[in-house]
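According to TrEMBL, the features are:
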TRANSMEM  B:21-42  transmembrane segment
DOMAIN    B:21-239  domain 'MacB-like periplasmic core'
TRANSMEM  B:287-311  transmembrane segment
DOMAIN    B:291-407  domain 'ABC3 transporter permease C-terminal'
TRANSMEM  B:331-357  transmembrane segment
TRANSMEM  B:377-397  transmembrane segment
Amino acid sequence: MIEIKDLNKSYHMGSNSLHVLKGIDFSVKEGEMVSIMGSSGSGKSTFLNILGMLDEADSGSYTLDGKPIKNLNEKVAAKYRNQFLGFIFQSFNLINYKSALDNVAMPLYYQGVKRAERMEKALHYLEKVGLAQWATHLPNELSGGQKQRVAIARALASDPKVLLADEPTGALDTQTSYEVMELIQNINDEGKTILLVTHEDDIAHMTKRIVNLKDGLIIDDSNVTQVRASVAKNKHLQSKQTSNV
Amino acid sequence: MFNIERWQEIFDTISKNKLRTFLTGLSVASGIFILVILLAIGQGMENGIGQQFEDDAATRISVWTGVTAESYKGLNPGRRIQMDNEDYTRAEQKNIDQLEYKSGVYSVWGQLATYGKESGSYRVEGVKGDYQFLENETIVAGRYINESDLANNEKVAILGNRVYLDLFKGQNAIGEYIEISKIKYKVVGVYTDPGGEREETRIFIPLTTAQRVYAAGNNLRSMVFTLEKQEKFEDALAASEAFSASLESDLKQRHTVSPTDERAININNTLENAKRFYDLIAMIRGFFWGVGICTIIAGVVGVSNIMLIIVKERTKEIGIRKAIGAQPLSIIGMILHESIFVTAIAGFLGLIFSLILLELVGPLIESDYLLNPSVDFGVAITTVIILIIAGALAGFIPARRAANIKPIVALRDE
Ligand SMILES: Nc1ncnc2c1ncn2[C@@H]1O[C@H](COP(=O)(O)OP(=O)(O)OP(=O)(O)O)[C@@H](O)[C@H]1O
Ligand SMILES: [Mg+2]
């Protein structure tokens, strides 16, 4: 699904230049669920943004679903993003003047889907994330967890091949994080490829493979046994109850 | 443009960002409103001043004589110059092709006119038939002076409406006899004059009759002419200036007056006055256009500013839209579509509102210098379109920039 070879990325600020990614080789097969870890500033977001075609690498090759991603103009990049990728951001990035339903329907608008069909599909995905009854609410009327679930529904709406999530639980408390992870696991169970960035160990262990970034290189890449978020959620709930007693 | 999905998206955005839409609209609408009102006032002033000049035929040239101011060829200054029929005939013969209306005039002031018990003091003018048109008079009863009156020295009189009301109190006057300075005249006509009451306190009698009754011989008090109409104002002005000049020099030569004497021969050329007046109007119009254009510029700057702010404010939204698959063109299209739509609606609202105001208030204005303020609809529409285009251009540049920045940069913009 994803093939990366010798990927390099530097940021230039005036005369200074910062080599963030120093030759990354990486591949992901369809249906995988990968977490990318590393200390702050190690280049996780940069890497994910390049994978998401939100940013461009300086050198190296990147193939997504067999298509070379190189020197794409904005038009093609937008098309690929719309067809292949779904994004989930730490800060949700919902459009604040649009209802939950309209937010979810947005990718479909850019796919050229007609309004009626769009709304139907959007509602379907809102149901999937358990927010059907919140469809007409604006983002600022929703909790963080709900917002992230709307964002997940939006990412799913265009039926992408790969979901990219940059710290999807970064702004959520533990309980809500697990709920969101449960949802993401379910999506992966249905066969969708998922890459997520996190610096929380417990979240990383809910994926099937952990990639560790350090100083612009992958220092570790290993498969792990997936911890089911539903189990972790219940454990957490119990421990909270005991500590409250 | 006619994509229904796009329209839905635009309406959605507009209805959910009412304040922003309202502010943009307000600046456009008020710009148009002020401009239209300004232009209308300019037009109203033009109309008002124009009406002041409607009294007499617009190309009228009149000549009267006075006392010489300079000695010339051994003659002393202070000599009274008297025009006569010969002067008139010469002027007529010389310019026969270009004269439209013409008349010699012999007038006397303060003549007592009586009918039965009623009487009043009026100006009596001996004139020819053309004088009706030279003075823009309208016959409301009977007729004006004709050739046979002149040929036969008929004692007939045409009364100004005021005179008629004074003497006849609204009764039939045609065919009745009035006395002017003890001489009986048959009333054959009543006229009105756009110049109003002052111009209607006159009695016209045939020129020949006046010269005989007042023992004036061949003398004339003044001569009045109009020239044939010309297509272009410039041509008309040139012709009438040439005519005035040649008339003046002929008269001066015949009456032995110094070419530089400015008192003896007086020529009033309404067209020259009109030129001054048209120049004034042109200045007024220029002024209002100047102010108007400044208003448009202010409007354009205002709209541009708002568009810049809107696009800046929407950078993050644009980043999100791009991340989920919006193409740069669709982003530009969305912003332009919205801005054109808002400026167009607001522009036409401002236009309609100002036109309604003019329609309601315009007729109520009663001033000599402001009459029927109105705007050329084409001009008004043009300004609305200019503002819409300006809004679009102003939106386009930042929209294109926003659409071209990488989504990652736009998304980082908190
Ligand atoms: N647009 C940019 N311009 C300049 N430097 C940048 C830019 N974006 C990121 N960097 C730098 O690149 C390095 C990697 O940033 P990145 O955001 O990828 O880190 P990260 O691993 O996601 O960190 P965190 O866990 O804090 O999110 C950092 O040192 C950061 O300062
Ligand atoms: Mg990061």
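Placed from the backbone N, Cα and C atoms, the Cβ positions cover glycine too.
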Stretch with greatest number of CB pairs under 8 Å, the transmembrane segment (B:21-42) reference, B:287-311, B:331-357, B:377-397 candidates: B:331-357
Distant-in-sequence neighbours of the transmembrane segment (B:331-357), which means Cβ under 8 A and at least six residues beyond its ends: 1, 6, 9-10, 13-14, 21, 24-26, 28-33, 36-37, 40, 303, 307, 310-311, 314, 318, 321-322, 375, 380-381, 384, 387-388, 391-392, 394-396, 399-400, 402-403
DSSP helix/strand/coil residue counts for the domain 'ABC3 transporter permease C-terminal' (B:291-407): 98 helix, 2 strand, 17 coil
Outside the transmembrane segment (B:377-397), six or more residues from its ends: residues with CB under 8 Å to it: 24, 28, 31-32, 35-36, 39, 292, 296, 299-300, 303-305, 307-308, 310-311, 332, 335-336, 338-340, 342-344, 347-348, 350-351, 354-355
Stretch-averaged pLDDT - the domain 'MacB-like periplasmic core' (B:21-239): 89
